[in-house]
Amino acid sequence: MGDETWNDLFPGAFSQAFFFPSFDVRDLHTVDNGILEHLYPTMDSGEWDVLITHFLGVDHCGHKHGPHHPEMAKKLSQMDQVIQGLVERLENDTLLVVTGDHGMTTSGNHGGDSELETSAALFLYSPTALFPSAPPEEPEVIPQISLVPTLALLLGLPIPFGNIGEVIAEVFSEVEDSQPHSSTLAQASALHLNAQQVSRFLHTYSTAAQDLQVKELHRLQNLFSKASADYQRLLQSPQGAEAALQTVITELQQFLRGVRAMCIESWARFSLVRMAGGAALLAATCFLCLLVSQWATSPGFCFRPLLIPMAWGLTGAIVCAGLLATTGLKLDSVVLGAMAAVGSLLPFLWKAWAGWGAKRPLAALLPMPGPVLLLLLIRFAGFFSDSFVIAEARAAPFLLISLILLLVAQLHWEGKLLPPKLLTIPRLGFLTPAGPPRHNGTHALGLGVGLLLCIRLAGLFHRCPEETPACSSSPWLSPLASMVGGRAKNVWYGACVGALAALLAAVRLWLRRYGNLKSPEPPVLFVRWGLPLMGLGTAAYWALASGADEAPPRLRALVAGASVMLPRAVAGLAASGLMLLLWRPVTVLVKAAAGAPRTRTVLTPFSGPPTSQADLDYVVPQIYRHMQEEFRGRLERTKSQGPLTVAAYQLGSVYSAAMVTALTLLAFPLLLLHAERISLVFLLLFLQSFLLLHLLAAGIPITTPGPFTVPWQAVSAWAFMATQTFYSTGHQPVFPAIHWHAAFVGVPEGHDFTWLSALLVGANTFASHILFAVGCPLLLLWPFLCESQGPRKRRQPPGNEAEARVRPEEEEEPLMEMRLRDAPHHFNAALLQLGLKYLFVLGIQILACALAASILRRHLMVWKVFAPKFIFEAMGFTVSSVGLCLGIALVMRVDGAVSSWFRQLVLAQQKAGEQSSLVYTGAGSSAREAQSHLLPPCSQDLLASGTSLFYNSKS
C-alpha cells in the first residue's frame, strides 16, 4: 500500500493492494493518509504474510520545503507515531523493517552520489530478541543490496539468481538457544546458501560475458571451494568447532565481498573505440562550422557545394559498412559516423590548404582575435579540471566580465566609443567627427558598468555545489510557499510582481520607441492586450501557489483547480501570440493617401526681430517657401484624383520587433516553471542582454551593401551570458539540482502524462539556452537598429554661408534594418555565418566535456562531475541548436513576409494604373532626386509602378 510505483514494477504480484498517486511532490498527505486508513485494519486481520507500506510524505516534504522546514518536523513526528503504533501491534514471530530508499541533501533533493543522498537508516525490530549481544556503539554500514538475500531467506524464499548481495548474518542468530555454537552455525548456513547462489550466478555470467578478470575469478572460485568443503566437513562433526565455523564465516564473507567488488569494477567498462569515434565526430563538426563560417561571407559563396563533400563522406561510410558486412567483420555505428564526418572534411581541407598557400595558414584557420581565442582556450582547458567544473558558476561570470572589459578597451583603442545614435556610414555622406567627444566615452563606459552591475546582481541567485560545504546557497531560490513569515512573503511577492511589471513595461516602451505599437496587425494588438493578461495570470498563479497551504479547507479544491488552469491559460496565450506572429510577422503601419508628398521644411523658431540683413535673408525665404507649399497642397487636394502615396512606418525595426516579441512570449511560460523570485533574474537577463547588444553594436561597423558579419567577440559574449544565466537561475549540471517541481506546473493531480512532465522539467533546466539561442539573430540585427534614433540631416553642398542658411535643412530617415534587404545574398550568408559561429562556440564546450569524460574515465570524480557535465552540455547543445534554427527561421519568415508585402503593393498599384514617383522621405521634392540606390531591391519595383513610399522608424 502507498506508492503506486510498486504496481507499475510488479503488476498483479499482490493479493491485496491500496495504491495512491505519488508523482505530485507538492502533495504531502494523500499517500500517507491513504496508508493509515488501511494499515492497522489490515494488520489486525492477519490475512497477510508480507505487508509493505511505502510512505512518501517525508520525501515530498524534502522536495517542497527542505529538511529544516517546520512541515518536515510535523511529518517526522507523524512517522514516529506510526512506528510506535506498529510496534504495539507486532506479534512475536513478526519482523518490522523500517528503511529508506535514499537520503536527502541539505536542500531536500536526491539522485547524486553524496553520502547524504546514498545513506539511509535501517531499523529492525521484533518482540523476540534478534541479536545475541548488544549492538555496537557505531552502527554498521550495510549495502542496500544486502536486503535482498536477507529478506528472501527470512521469508523462506530462494534468493534471486542475479543477486550479488551479502546476507546480514546477525539476523540469523538463534538467540533462544543458549549454545553459542548453534548461533554461529545458523549464520554459517545462511552465508553458505548465499554463497552458493552467487557462485552459480558467477559461473553462468563468466561463461556468457567473458569480461571478468580471469585471475581474480579463479581466486574467488578456489576460495569458495575451500570454504564450502570446510563447511560440509564441519556439518559432519559439529562438536567443538566454534573457531572453525568462524573461519568458514570469514571465508564466505570474503568470497561474497570479492565477487561484488569484481563485478562492480568490471561492469564499469568503457569502449575506447566509441569514445574516439564520438570525439572525432564532434571535432569534425566543430571544424566544419569554423571553415564554413569563414567562407560564408566571401564573394561567390554558394550553398550547394557544401552538400557535395558531405555526400562523398556519407557514400564512403556506406561502402565501408557494406564491405565489412560482406566480409563478416563488425564495426560500430559511431565509428562509421566518425569516418563519414572526417571523410567529408577532406575536400574542405584541400580547398582551404589550396586557398591559404603560404599566407599564414594558422592565422587563416583561426580567424578570431587573439584575446577571444585565449578565453575560449581557457574555457576549453577548464573542463578537464573537476575544481573548475564545480566552480563554473563563478568562473563563467568571470570570463564574461573579462570579455566585456576587453570589448570596452578595444572600442577605446579603435576610437569607436560612440553611442549608437552617432554611428555614421561614410557612404551616406554624413560628416564624420574628427574625434569622439568626451561624453561618448562616458556613454560606452556607462553601458559597460551597467552590464557588470547586472552580472553581479544576477550572481546573488546562486546554488552551491555539494562539493563546497562551506558555501551557502541563496535563500532566494526557494519558492515563496517555503517562507514562514507572512510579512516577508508579502514583500517578496510585491517585488516579484514589480519585476514582472517592469519587464512588461520595458518591452512595451522599446516597441513604442521604435513605433511598433501603432500597427493594426494582430501581433501588435496581442502585445497591447495579450501581454498584460499573461502578466496578470502569472501574478495570480504566484499568489495561489505561495498561499495554497494557508487556504481554508473549503476553498482548497478551488485553489487547486485555479493553480492548474492559470499556467495553462498563460501558456495558451503565449502559444496564440507566437502563432499570430508567425502568421502576420510584419508589424508595419501603412498610410495611403492621394496627393504628392511634400518635403518637410524645417523652420527656425521665432526668437525676436531680425538683427541683421542676413537674418532677413534666411528667415523670409523659409516663410515664403512654407506658404507656397501649403497653397500648392490645397490646390492638389482639390483634384479629383492624384497619385497614390504610401507611408510605411516601422520598417526599420521590423525584424527586431518580431524577435523581441517572440522572446517575451517565450519568457512567460519559462518564468512560470521557476520559483517566483527568479522573475528578478529574468528582468536582469533582459536588461543585461539589452546593454550587451548596445555595447556590441558600438563596435560593429555597418557596411553597405555588404557583406555583413558578426565578430567573434559578440558571439562568445552571447554564449558566455547563456551559461551565466543558467547558473543564475539556480541550476547546476548535476541531477540532484534539477528543479523537479516544474513537472507539476499546470498539471492536475493523478495525471499520467510523463512526457509532459519531462518536457516541463527540460524547459525549466534549459530556459537560458532556449532564450539566448532563439535571440541569437539579434546580434546581427541590433547594429542596424542602432544606426540612428531619428532622422538625419543631409550634408549641405559646399558654398558660401549665406546660401547655405537660405537653403532649407532637410532630414533623411535611416533605413536601419531595411539595409539588410539591399543585399539579400549577404543577409542570408550573415545569418548562416552567425549560426555556425554560435554552434562552434557551443561545440567546443561539448567537445571538451566529451574528451574530459573519456580521458579521465578512471578519475574519482568522473561520475560525480565529468559525466553529468557532459550529459548537461550535450542536452544544452541539442536544445540550443533547435532554438537557433527557430530563431533564424523566424527572421526568414519576417523577411519573406516583407518581400510579400512589397509585392502586394506593386500588384495593387499596377491594377490601379496610376503614375507617380517614388519619393524617399527627405530625399528631395522630385521623384528623380530620390536616392533610389539606398532602397531595398523590392522597393525599386515600386519606382516603375508609380507608388510613393515613406520609410520611417516612427510615425
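Cβ coordinates are placed from backbone N, Cα and C, and glycine is handled just like the others.
Nobody curates TrEMBL annotations by hand; they come from automatic prediction.
Summarising the annotation, TrEMBL assigns transmembrane segment to 305-325, 331-350, 362-383, 395-413, 491-511, 526-545, 557-583, 654-673, 680-702, 766-785, 838-858, 870-892 (among others). Annotation comment: TrEMBL describes 790-813 as region 'Disordered'.
Contact between the transmembrane segment (526-545) and the transmembrane segment (654-673) is supported: at least 3 Cβ pairs lie under 8 Å, counting only residues 6 or more apart in sequence. The stretches the transmembrane segment (395-413) and the transmembrane segment (654-673) do not meet in space: the count of Cβ pairs below 8 angstroms, excluding pairs fewer than 6 apart in sequence, stays at fewer than three.
Sequence-distant contacts of the transmembrane segment (766-785) (same chain, six or more residues past either end, CB-CB distance under 8 Å): 423, 514, 652-653, 655-656, 659-660, 662-663, 666-667, 670, 673-674, 685, 689, 693-694, 696-697, 700-702, 708, 710, 714-715, 718-719, 721-723, 725-726, 729, 816-817, 819-820, 830-831, 834-835, 838, 875-876, 879-884, 886-888, 890-891. Within its own chain, the transmembrane segment (491-511) has Cβ neighbours under 8 Å at 480, 483, 517, 527, 531-532, 535, 538-539, 542-543, 546, 657, 660-661, 664, 667, 671, 676-677, 679-680, 682-683, 686-687, counting only residues six or more beyond its boundaries.
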